[in-house]
Amino acid sequence: MSMFLDTAKVSVQAGRGGDGMVAFRREKYVPNGGPWGGDGGKGGSVIFKVDEGLRTLMDFRYNRKFKAKSGEKGMTKGMHGRGSEDLIISVPQGTTVRDAETGKVLTDLVEHGQEFVVAKGGRGGRGNIRFATPRNPAPEIAENGEPGEERQLELELKILADVGLVGFPSVGKSTLLSVVSSAKPKIGAYHFTTIVPNLGMVRTKSGESFAMADLPGLIKGASQGVGLGTQFLRHIERTRVILHVIDMSATEGRDPYEDYVAINKELEAYNLRLMERPQIIVANKMDMPGAKEQLQRFKEQLAVQYDDFDELPMIFPISSLAHQGLDSLLEATAELLAKTDDFLLYDEADFAEDEAYYGFASEEKAFEISRADDAAWVLSGEKLERLFVMTNLERDESIMKFARQLRGMGVDEALRERGAKDGDIVRIGKFEFEFVD
């Protein structure tokens, strides 16, 4: 089984905030002591952090559920509960995180040590010391902790490489990478020897260095899923320069120029922006019989494609096996990299507006009313449900406070307008109460 994994689906759940406490001072010589219940601690958030030592999402193959710890409950003497530590999850450089439900990109993690909160922990509930007023100096009110955010996420790894090698299978991409770097890709005399991307660091004789990625071979129709399809082409999206490797020996009966055109069509079909990247044509296997004649014919065909105003791509004849022409290729690649800017995969507008967000947008609909099959009125809505779960239903004063909040939101009036009558059942989740007109 391959140990390389570049996509994963995970679920994350932040910790719930600790419940606030209802407590009163019980001290000698202090009659009728006031409220003394502290707030609950915050729940732990779930945070993704980039680890440059990771190269794959393999850790997420079997471990797909992550849950941070909840905060501790508030205590007497006005002491707050302990907040929970955040859950830090390491991901490799180049990990894109999407919300699985909306498909929206949350973040693109590319820098070592970069962090992003994917699920924010709930705040602790307030203790009764927070609700004291001149009219009610000893309130028996405390809030439950706020639930932590839950999310289903899709992770996609697009490896960070400056240069990407593309071409048909068996044109010598892996051999080239193994010769110019310390990478040890699998090499064989058959198609699709490379079934996962390989990454190597290249250093030129002039001292320049860059990362080079060898991708599994493409064939005609890859954009429609033929062969290995384009499942690994995502890894070329971050590259700044493409080395298009072509077998000039034509030993398998293929035409080098037709190969060149076919691969570019597949790149364009996958992502139009790939064609914005500068290409260097690598004419490989020049030590084979007939390669020089094929190269001359290739240049003539290429010249026909470009008019007088277009600049022909650079062509470097090499032999990876014989170590011929490699130095000039690498120097030219380094020079091209030096004058080529990074290609941003995502604009700021592509990202979700916020990290895990718990406020209520002003335009958010506060609640919705529907009718159940048993004729009960059902209240729903994010804001209303959050207020409900933070209400301590074991305390009458907390329930009365929640009733006032519903009235302030306009729930009572809305129920009347919908035809609710005295004694009708109103339901929030599994909790039921009677409507009083």
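For all residues, glycine too, the Cβ spot is worked out from N, Cα and C.
The 10 Å shell around the Cβ of Pro216 (GTP binding site) contains 25 further Cβ atoms across the protein chains shown. The feature GTP binding site is assigned by Swiss-Prot to 167-174, 192-196, 214-217, 284-287, 319-321, with sequence analysis given as support.
Of all Cβ atoms in the shown protein chains, 25 besides its own fall within 10 Å of the Cβ of Ser174 (Mg(2+) binding site). What Swiss-Prot lists as Mg(2+) binding site is Ser174, Thr194.
Residues or ranges marked as domain 'Obg' by Swiss-Prot on the basis of sequence analysis: 2-160.
Feature annotation from Swiss-Prot assigns domain 'OBG-type G' to 161-338.
Residues annotated as domain 'OCT' in Swiss-Prot, with sequence analysis given as evidence: 359-437. Counting residues per DSSP class in helix, strand and coil order gives 30 helix, 17 strand, 32 coil for the domain 'OCT' (359-437).
If you take the CA of Ser174 (Mg(2+) binding site) and look 10 A around it, the binding-site residues you hit from Gly167, Val196, Pro216 are Pro216.
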